[in-house]
Every structure is written in C-alpha cells, then in structure tokens.
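**Q** This is the structure, below, for whatever I ask next.
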Amino acid sequence: MIDQYKHQQLRIGLVSPKQISAWATKILPNREIVGEVTKPYTFHYKTNKPEKDGLFCERIFGPIKSGICACGNYRVIRNEKEDPKFCEQCGVEFVDSRIRRYQMGYIKLACPVTHVWYLKRLPSYIANFLDKPLKELEGLVYCDYPNFSFARPIAKKPTFLRLRGLFEYEIQSWKYSIPLFFTTQGFDAFRNREISTGAGAIREQLADLDLRTIIDYSFAEWKELGEEDPTGNEWEDRKVGRRKDFLVRRMELAKHFIRTNIEPEWMVLCLLPVLPPELRPIIQIDGGKLMSSDINELYRRVIYRNNTLTDLLTTSRSTPGELVMCQEKLVQEAVDTLLDNGIRGQPMRDGHNKVYKSFSDVIEGKEGRFRETLLGKRVDYSGRSVIVVGPSLSLHRCGLPREIAIELFQTFIIRGLIRQHLASNIGVAKSKIREKEPIIWKILQEVMQGHPILLNRAPTLHRLGIQAFQPILVEGRAICLHPLVCKGFNADFDGDQMAVHVPLSLEAQTEARLLMFSHMNLLSPAIGDPISVPTQDMLIGLYILTSGTRRGICANRYNPWNRKNDQNERIDDKNYKYMEEPFFCNSYDAIGAYCQKRINLDSPLWLRWRLDQRIIASREAPVEVHYESLGTYHEIYAHYLIIRNIKKEIIFVYIRTTVGHIYLYREIEEAIQGFSRACSYGKTVLK
C-alpha cells in the first residue's frame, strides 16, 4: 500500500470478510459478479486452457495473454484508463496479462474455519482472548474424541443447558452422553438450539467479546493478585505468577486489537482468499510434463472437501449430524494444511512421500518470499565468496577469483570483443567467454584496471562495512583481502563471506574512488582512532619476523642450547665462531640470499650499517676483541660489531640482525619516506 506521504509499505494482519470480498470480487461490464472459485480444476487436459470458475479461470484472474480472451479473440489495449472491454461469449476482459500477478479470488467456506496461526501457534491468541485451555478449544474445533467439547450458543433464548446451569449439582457423565444423540432423528434441531460446535462456536464467542471490558477485568484481577501476600507454597506462588503474566499478555493483545481496529472474530475465516495464479504457477517442463506449485494441490483439497460439505448441508436433509461434523473437521484440516502444513503435528505428504509446501513455508525462512525477494533481494552484477588473507596485496587492492570476475564483468568483456572486432555479435562473444579463450583474460584485465568494485560484509553496522577496492585476478574461488582492512569490516579469516558489487554508473564509480577506497578510510568515523591497525595474524607474523636475535650474541656464545645452525642442528660451544654467521654489505644482498634459500628468515647475520653516533658514543664494553695481522681489530658487542684500523679509526660498523628485521625496517622506512613526501607535497600546494 501507499500511505499519505507516498511511502510504499507492506502491512500484514487480519482483515474482515468484507475486505477479502472487496479484494477478490470484480464486476464485469455486463454487471456479472465474479471472483468466487467453485471448481477444483486447473487446466483442461485436451484444450490445455484454464477451466471456468477453477483455480486458473481467466474470468476471475484475467487473461493469460494480453488482449486475448479464452475464445481466442484479440483486442488492442490502447488506454488502461478507459473502461476495459470484455468478450461477451467467454466473459474474459481484454486487459494486460500482468493482472494475474495481483488479482485474487476467494473460496466461500461452507462452515467457519479457525485460522491455524491464531489457534495453534504459541501463545494462542484465541485461547488468550477466551481464557480457556488450548486443548479444550482444539476439542471444540476438531471434535476429536475423547477431547470432544461443545459450547453454549450465544443466543439469549432459554435452553436446556442454560436451565441445567441453575442446579447446584453436576452430572459427571453428561459430557459423554451428548455424542450418543448425534445419530438420532432430529439431532440438527437439538444441536442448533442446545449446543454449538466447531469453529462456529469460537466465532460466536469471539464476536461477543468486549475488548475494553477484557482490559478492565484483567487489570482488576492482576491488581488483586498483586496485593495478595505469598502463601509460602512454592507451587501456588508460581501458579499465581504465571496467571499474572497471562493477564499482562491478554491486556497487551486486547490493546493491540483496539489500536489496529481489528475484530477478534476475524481470526475465524468465512472466506478463504485464493492467491493470484502467477504466484502459484503451473510450468511445462521438458517432455510435455507439467510441474505445479504445491499450493494448487492444497487449494484443490480445500475445494473438494468444501463442495462435499456444501452438498451435505443443502441437498441431503437426512444426513446424520456426526457425518456433517466429520466433514467440517476435514475442511478445517484442509485449510490448516494450506496455511501451515505440519504445525504441531505430522505434515501432509504427497504420493512420493514429499511434504507439501504450504503458504507458511513459501513466505518464512531464509528462502521465503520476504527475505529472499523483498528484504534481501539478489542484486545484478554481484557475487559472494569466502575471504582469505592476501599478504602480498596492497591496501587498496583485493584478489577477485577468475570465476567471479568473468561473470561480473561479462557485459564489459562482450563490449570489448565487439569493439575490437573479435566478435560479430553478442552470441559469438558469449561463446568465446564460455570457451575462455586467452583473449578473454587479456580484455578482462584491461576492464578491471579502470573499474573499482565494492566489498560488503553483513551486517553493515557503519559506513566502513562497505569499501571500494581495485580488483586483480587470482586463482581459486576465494576473495583475497589485505588483513589491515578486516577491522573495518569486523571480519576474520575463519570462513567469513563477503559480497562483491560492481558500480555501474559514472557517479557510483566516482564515489567509490573518491570516498570509499580502503586506503582513504584509515580512521574510525565514530571516534577518530586508527582502524587499520595490525591484529591477530599480523601481530603473530611480526613477532615471528623479529624474534630471531632478541638475546644477542652472548646467549649464542655462552648458552649452546640456544644456538642452532641452518639445518636445525645444535652447535658445540668449542666450534662456535661469530665469523661463521654471514656478512652482507647491504640489505639487498641479504634479501637475495634469503630468496636463494642460503639463509632462513630468522637466521642471524651481520649487516653493514652506516656510522651511528649512538653506537660510537656507547659506553658498552665489548664481549670480545679479535686482532688481525695487519693491525686491524674487531670489537664484538652483543648486537653489533665495529672494525677499526691500527689508528683506532672506525672502518665499518655491522649490526647483528635477521632477514625478518630487514624486511620490517624497510617497510617502516618506506612508509615514513612516503608520509614525508606527501607532507612536503601538501605544503608546496598550499604555498
């Protein structure tokens, strides 16, 4: 519906029989009223056309093809505002076939039927209003032995049961003696005067309720129970507490019905709405076989049983009352199965032992109508996959699997193939994409270079839950992500999934580049703290990367249990020499040796370092001093080494480190230099 502010909205609730009739009934130009479905048939087996007054009737729901009636006549639909014309022979209007998506029908039930959601769902709204046990109400509705029960009619005329209520004593067997009269002659007159059974009794009692009186009486009782002192009996006190909770729920329910202008008797159905045909289709599959929605079969079951009950009530006056009650029970069960199959019981199955999919199954759950097609629609140009860590990625890049990328950018690839005259039409281009020719990957790379993508992880609780990235192709089926951006998404690499979206318009791409790229969202929008900080895996990696030489040369020299060579073998104290650890002139040589697998990531090494006044001015005493024949000597400290000439001048300085330390230092140095260049560039622009 559309409210006064032109906001589209959907409201779910109870409606009156008059409203159901207004939705489903329509008046043809010849003043004929149609809308009631009376036949349980769908299509004629010979003509393959919808049966008249059946579940797919074109008179009720509209034509299957726009402007074509059931006779095959055709009329041009010029203006929908004009009065629609119809075929006088078959009674089908010449309107658009899309009317079959929203035009409803109805089934006029031969007996009232309780809505199973309001009777059997817990808490039961009907039991709450009537303040009666649910088992007693079920016995009244379904007439099941031995839980069979009946109610007094609401009529004010004197009855035997009303007179019986004046006596002080009770006959315990009266409840079981009444069913003996079901097969006696004249039972109908007795039943109509003395007792009321089935959903009709529920409807009478609900219609006789005054909601404001219920609120007043419930509040008075709740207040009275609240003023009573505890009895000391745990069972009695708990019973009083449950009664008070029940009264609160009853008052809230009555207030809700008053606020929404809903009458309690609407929970008992007299007219059963029939869904539009397009929402419960019959589809022809390969081999000429028909595949139908389960709801059609459930509707057919309701119509069959309802027509049988109608015949029993109208044509056969001598029908036993017990047979009528059994048929009413069958109608009630058929409607229950249609609305919610298997609620608090065994579900109904077809001939292949498959459970029928009822109306509740269609709308509820993750794959239901609301969550799949209304609330969480599937979006074009989008995909979903598991995320894994991409340690070699830049902060603003993400790895997109080839299988996902070729589907998301398929239209762009087709355009590229046609522009480069590699395909004559769309069909040829799609065949090349299916065959995954080498030129496809080249064009895909060109397309992805200038096209950002959006990654989203549900739930999106703040604006950093969706960020833009520059995609690159990767092997496998998982999306590769830089670990620093995980905190903004509140994601980790334990099986989390992310959705991929392709911004199509120029405005969306501009917004993604200028506002949503991950390297532009380094601070939390809420408190301003850095949000791209190392966590979890990165902290462990940094620890392993820098854990090689924490204890210095002293530990390696005087504690042989802590010294191991590259083959993970313990070095004997007598054979250990610092000269056995490799020397490198610069960091590039050390990294090259690591890439050639001559040293490990945590293997200690000596790296030539620039002269540092902090090292020279240090008062630390050397661990050892080694003299050479030319007069030079080596001063060995815990973490560094100084080579001096005969004049005690410093020639070289070496620091004891690992390849992991070198990697970390280079990254930090490059980051500082980049930040410095950015600051200097900003100052230049401001000048």
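Glycine residues also receive a Cβ, built from the backbone N, Cα and C atoms like all the rest.
The following feature annotations were taken from Swiss-Prot:
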type	residues	note
BINDING	Cys69, Cys71, Cys87, Cys90	Zn(2+) binding site
BINDING	Asp492, Asp494, Asp496	Mg(2+) binding site
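Could you tell me the structural context for the features on the list?
**A** Residue environment of Cys71 (Zn(2+) binding site) contains 13 other Cβ atoms, counted within 10 Å of its Cβ in all protein chains.
There are 17 other Cβ atoms within 10 Å of the Cβ belonging to Asp496 (Mg(2+) binding site).
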**Q** Work through the binding-site residues one by one (Cys69, Cys71, Cys87, Cys90) and name whichever has its CA nearest to the CA of Asp496 (Mg(2+) binding site).
**A** Cys69
**Q** Quick one: pull the CA-CA distance for Cys71 (Zn(2+) binding site) versus Asp494 (Mg(2+) binding site), whole Å only.
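**A** Asp494 (Mg(2+) binding site) has its Cα 62 Å from the Cα of Cys71 (Zn(2+) binding site).
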**Q** Which chain neighbours of the Mg(2+) site, leaving out Asp492, Asp494, Asp496, have a Cβ atom within 8 Å of the mean position of the site's Cβ atoms?
**A** Ile387, Ala491, Phe493, Gly495
**Q** Measuring CA to CA, name the entry from the binding-site residues Cys69, Cys87, Cys90 that ends up nearest Asp492 (Mg(2+) binding site).
**A** Cys69
**Q** If you count the other Cβ atoms within 10 Å of each Cβ, which of the binding-site residues Asp492, Asp494 comes out on top?
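**A** Selected residue: Asp492.
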**Q** Just checking, which of Cys69, Cys87, Cys90 (binding-site residues) has the fewest C-beta atoms within 10 Å of its C-beta?
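**A** Relative to the other binding-site residues in Cys69, Cys87, Cys90, Cys90 has the fewest Cβ atoms within 10 Å.
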